[in-house]
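Pulled from TrEMBL:
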type: DISULFID; residues: Cys48-Cys58; note: disulfide bond
type: DISULFID; residues: Cys67-Cys76; note: disulfide bond
type: DISULFID; residues: Cys199-Cys209; note: disulfide bond
type: DISULFID; residues: Cys220-Cys229; note: disulfide bond
type: DOMAIN; residues: 44-77; note: domain 'EGF-like'
type: DOMAIN; residues: 195-230; note: domain 'EGF-like'
type: SIGNAL; residues: 1-24; note: signal peptide
Amino acid sequence: MLLHRSLASLLAIIFLHIVKQVQSTETVLKTALGDHPFNKFQEVNKPCQEGCSLYGNCNHELGVCECPFGLSGPTCQTQLYPACRTVFTSGGQRIYLGRTAPRNCYCYQQLLKGLCLPDDESRCAFHTMQLWDSLYCFQRKETPEEQQLSELPERIDDPTYEWGRCTTSRTGTTQKHVGLIDRLPTIEDISKSVPLSRCTARCYEQGVCQDWGGQTRCLCFAGYRGEDCSVSEMAEETFCPDTCGARGKCIAGFCKCDAPYWGLGCSRSKAYEPVPGSIAYPYFPSLKIYVYDVPPNVVGPHQFEDGDINVFYNYQSFMRFEEMLLHDTNGVRTENPYEANLFYIPAFAYYSTSNLGDPTGAVVRAVDWVASTFPFFNRTGGKDHFILISADRGACYLKRVPQTEHLIRVTHFGYERQNITDMGQLLHNTEYGCFKAGRDVVMSPFFKAKVPKIQELRARLEQPAGLEAFIAKKDVLFFFSGDIRHNEPEYSGGVRQALSLLLSNNSYPDVVFKGGYMMLGGHEYEDLLTRSKFCLAPYGHGFGIRLTHALMHACVPVIIQDKVRQPFEDILHYPDFSIRVSKAELPRLVEMLRAVPEEDLVRMTKENSRIYRAFLWQPELGGLAYNFTLASLWRRVSHFRGELYEAGVRR
């Protein structure tokens with residue numbers, strides 16, 4: 001009886017404790033909310049100083065003037081790198097960087113201070129700075145810095161000028177230097193560059209003047225054309241984001257927007273803030289992405305070389321994603337950062353690294369601007385922020401620093417492995433290498449599809465019994481054509497080299513293995529892809545495009561990429577449409593493929609027809625790469641909310 005009373009007393013105490021806890025929680029909620037409105041917002045329209053629109057765009061969210069690269073101030077007339085100009089002007093003369101024509105030594109010193117990380121000068125946000133050791137420069141003797149220009153002297157041996165070279169020292173920390181030299185460069189050393197005065201209209205200060213055997217002509221900076229570079233290319237597809245959205249003009253990489261637009265691709269016209277007293281909290285039911293309008297002086301699209309802005313099509317996925325996101329205004333994209341549950345930082349890393357190199361400089365500069373301008377990055381340490389890196393090795397070389405520690409990396413190369421030793425000195429992350437499952441996303445690279453050919457093939461497969469008839473005509477068991485690089489053991493993880501030794505002189509009549517760069521022409525290559533049952537999908541120096549090639553031509557991919565995650569592998573079930581083989585199994589590869597039953601080949605080819613659009617970006621082909629990228633990102637939102645960085649990997 002005493003025991004029952006004690007138990008009853010204990011239960012009563014527990015009940016009262018639970019009631020108090022519930023009451024306490026309700027009290028906290030009521031205290032937190034009270035009479036305050038929840039997620040109520042009002043439009044913001046902050047003005048800029050009069051005159052901003054002459055050279056720039058008014059960002060009405062921040063009340064600051066967006067300026068082209070090299071210009072700053074409330075009306076974009078302050079020169080950030082004055083020694084890079086070719087003439088003294090009272091207005092806002094644009095500057096353009098490359099290495100064809102040398103610039104003033106003071107220009108390079110100003111750029112070094114403005115574009116490189118102060119504690120690590122090897123990491124800069126401009127491709128020209130990556131070519132530092134190849135740069136010549138000049139300066140006028142006994143002339144102060146503020147009077148220096150990047151106008152070449154009339155003669156290389158002009159005694160009033162002195163010449164220099166850019167060099168790098170790597171003792172401890174990397175440091176870049178500009179030093180004077182005794183030996184004068186030849187005209188070949190400076191790419192036949194001569195003073196602008198020798199070319200028509202000085203190339204409108206929008207190009208480089210070159211002397212080709214007594215004939216001078218302008219090499220126009222990217223974004224300009226014509227004999228004198230006077231014509232502005234208004235819609236360079238690979239230069240301005242979304243070609244400025246038909247709301248402005250693309251002028252050498254800068255969108256000069258029509259009022260009242262501003263921002264990335266002239267996509268912004270509204271801004272928001274919480275109404276006074278309102279509590280703001282991220283939207284939960286669906287994905288909402290806010291895009292930061294990072295100023296061009298922080299990061300942006302720039303020419304790689306004087307006159308060269310070409311982004312090779314395999315790396316254009318970041319451009320396609322941005323274009324589609326900027327247009328996704330009725331669904332995912334929001335102009336209200338307070339309701340966003342994910343944030344995109346356009347770091348434009350490719351314009352700093354090209355297809356190889358270290359993106360840290362561009363990414364850190366972009367993050368620093370974001371974190372100092374808005375409150376959202378610091379509240380999570382960047383866990384709800386993502387960047388796109390489309391270079392060969394993706395985020396392999398992204399240095400692990402506070403600004404990058406928690407960023408979601410969206411890349412093409414999902415190499416996840418501890419203590420990677422075959423990626424060179426730039427790789428610092430020994431914990432997971434280039435990719436962290438549950439946090440990062442592997443998206444498909446851009447594939448420049450031949451639209452009529454793909455459409456014709458898919459129409460054949462969709463006909464009654466078309467797929468079976470298509471497979472019956474396949475007379476090649478296994479196919480590969482591509483570079484091998486026997487002298488680079490890290491290339492493809494050694495897979496191509498090993499298969500080359502096994503198959504180059506094979507006696508299999510139905511195996512085609514062509515090693516070497518561009519061994520087959522385009523038509524023959526596509527024909528063999530279509531005729532083959534299985535196609536090799538290795539990686540190369542970084543991510544591989546062969547997986548997409550195989551899928552587009554209804555060939556079953558044979559993925560041999562140890563420790564490398566594939567595009568959208570957290571969503572797509574790869575065993576349904578591909579075969580994965582380890583490098584250790586290569587000696588038995590042909591026998592393994594011969595043992596695949598015909599019904600499994602049919603099954604995987606049918607699944608190919610269902611999923612191949614996930615690897616296409618083109619809307620005219622029903623491309624779903626953008627949609628799958630969003631789906632993967634939406635899963636990441638769930639991961640960081642539940643602190644499940646290792647979750648969500650489908651095997």
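Note that Cβ sites are derived from N, Cα and C of the backbone, with glycine treated the same way.
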- [ ] Tally the residues of the domain 'EGF-like' (44-77) by DSSP class, grouping H, G and I as helix, E and B as strand, and everything else as coil.
- [x] 4 helix, 9 strand, 21 coil
TODO: Work through the disulfide-bonded residues one by one (Cys48, Cys58, Cys220) and point out the residue whose CB has the fewest other CB atoms within 10 angstroms.
DONE: Cys48
Task: Inter-residue Cα distance where the pair is Cys209 (disulfide bond) and Cys220 (disulfide bond), in Å - done: 9
Open item on the list: Considering every residue in the domain 'EGF-like' (195-230), what is the mean pLDDT value?
Closed with: 94
- [ ] Write down the Cα-Cα distance for Cys209 (disulfide bond) and Cys48 (disulfide bond), rounded and given in Å.
- [x] 38
- [ ] Ten-angstrom check, please: count other Cβ atoms within 10 Å of the Cβ of Cys67 (disulfide bond), all chains counted.
- [x] 25
Task: Counts of helix, strand and coil residues, the domain 'EGF-like' (195-230), according to DSSP - done: 9 helix, 14 strand, 13 coil
Open item on the list: By a 10 A CB contact count over all chains shown, which of the disulfide-bonded residues listed here is most packed: Cys76, Cys199, Cys229?
Closed with: Cys229
Open item on the list: I'm trying to understand the geometry here, so how far is the Cα atom of Cys209 (disulfide bond) from the Cα atom of Cys229 (disulfide bond), in Å to the nearest whole number?
Closed with: 10
Task: Whole-number Å value for how far Cys58 (disulfide bond) lies from Cys67 (disulfide bond) (Cα to Cα) - done: 9
TODO: Would you count the other CB atoms within 10 A of the CB of Cys209 (disulfide bond), including those on all shown protein chains?
DONE: 22
- [ ] Pop the Cα-Cα gap between Cys76 (disulfide bond) and Cys58 (disulfide bond) into the table, whole Å please.
- [x] 11
Task: Cα distance (Å, whole number) from Cys229 (disulfide bond) to Cys76 (disulfide bond) - done: 23
TODO: Compute the C-alpha separation of Cys199 (disulfide bond) from Cys229 (disulfide bond), stating it in Å without decimals.
DONE: 10
